[in-house]
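For 23-288, the entry in TrEMBL reads domain 'NADH:quinone oxidoreductase/Mrp antiporter transmembrane'. Feature annotation from TrEMBL assigns domain 'NADH dehydrogenase subunit 2 C-terminal' to 290-343. Feature annotation from TrEMBL assigns transmembrane segment to 59-80, 92-115, 151-171, 178-197, 203-222, 234-254, 274-294, 323-343.
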Amino acid sequence: MNPYALSMLMSSLAMGTIITLSSSHWFLAWMGLEINTLAIIPLMTKMHHPRATESATKYFLTQATASALLLFSAAMNAWVTGEWTIMNMNSYTPTTILTIALAIKLGIAPFHLWLPDVLQGLDMMTCLILSTWQKLAPMALLILTSHQLNANLLTLMALASAIIGGWGALNQTQMRKIMAYSSIAHLGWMTLVVSFAPGLALLNLTIYLMMTSSMFMMLMTLNATNMNKLSISWLKTPTLTASMMAGLLSLGGLPPLSGFLPKWLILQEMTKHHLGVLSTVMALSALLSLFFYLRLSYMISMTSPPNISNANLAWRKKNNPSLINPILVVLSTMLMPITPMLLM
């Protein structure tokens with residue numbers, strides 16, 4: 001892609017998110033989301049492949065539906081209350097429509113079906129943007145309006161997301177689909193706690209962004225799109241393979257890694273609100289996710305392929321060293337010691 005066009009698209013992506021994050025008016029927030037959507041579609045179709053075109057079409061249709069619902073809920077709320085401010089959503093019908101619109105935007109179950117298919121047709125860098133940066137604006141709106149939304153509806157969606165996110169990835173062999181279901185499961189945990197403690201949802205989002213970014217960057221370095229390619233990755237970069245194993249276990253929420261921190265605090269918050277059964281179901285759904293992360297970790301670190309292909313294997317992959325990846329790996333695995341500071 002032309003570097004000038006790429007820089008323009010990336011700046012439009014940044015501008016759309018910043019407009020939504022800084023707005024207090026529904027129309028401005030909607031406009032930011034639209035700029036965001038229109039900026040990422042050319043990035044999706046830059047591969048000139050039928051799968052990429054299909055992914056971009058699916059993404060555009062789902063996001064356009066969500067944007068229309070969001071604008072409709074804002075207009076209905078303005079009709080009832082006479083205000084367009086984000087913090088004033090008091091009527092039941094507009095808040096329900098808004099919840100559905102944000103769920104479609106984020107890919108929360110039962111509106112999750114577009115996310116694995118869209119990610120599977122894209123290159124890794126666009127997948128990274130879609131799984132991290134594109135979640136910021138809708139999640140900010142969800143956190144801003146969390147005290148006005150229907151808590152029961154959000155809890156049901158969160159429970160469905162955590163279970164489907166774990167269950168859907170069990171039979172997957174494609175890394176992009178596995179990361180998509182991982183995203184759905186993590187969004188379930190954020191949606192669960194957003195009504196009770198928005199600060200915890202923000203912490204979970206931050207750690208999720210670091211873990212997902214480091215995982216996608218490692219996958220890009222190894223050029224691994226499926227599990228078979230991962231199994232020979234130790235030949236290319238042994239250090240990176242060890243880091244990836246730690247990153248996967250952190251995504252699964254295994255102590256003492258960073259991914260355990262938000263799950264632990266969320267379950268603690270749920271039990272404070274006397275939601276023991278819900279906490280138990282969420283913890284069991286986390287075991288589903290942990291199973292496929294463990295399977296990936298085992299394949300990366302403890303197996304060797306039964307036969308060697310005729311192609312020349314790169315004995316040691318030589319890359320330009322970048323500081324971003326090691327920093328992200330450290331942050332996504334070693335944040336557990338800051339827990340006492342957060343509990344204060």
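Including glycine, each Cβ sits where the backbone N, Cα and C put it.
Automatic prediction, not curation, is the source of TrEMBL annotations.
Here the transmembrane segment (203-222) touches the transmembrane segment (323-343). Their Cβ atoms form 3 or more pairs under 8 Å, with each pair 6 or more residues apart. As a quick check, the transmembrane segment (92-115) and the transmembrane segment (178-197) clear the bar of 3 or more Cβ pairs under 8 A, pairs 6 or more apart, so the two touch. Mean model confidence for the domain 'NADH dehydrogenase subunit 2 C-terminal' (290-343) is a pLDDT of 74.
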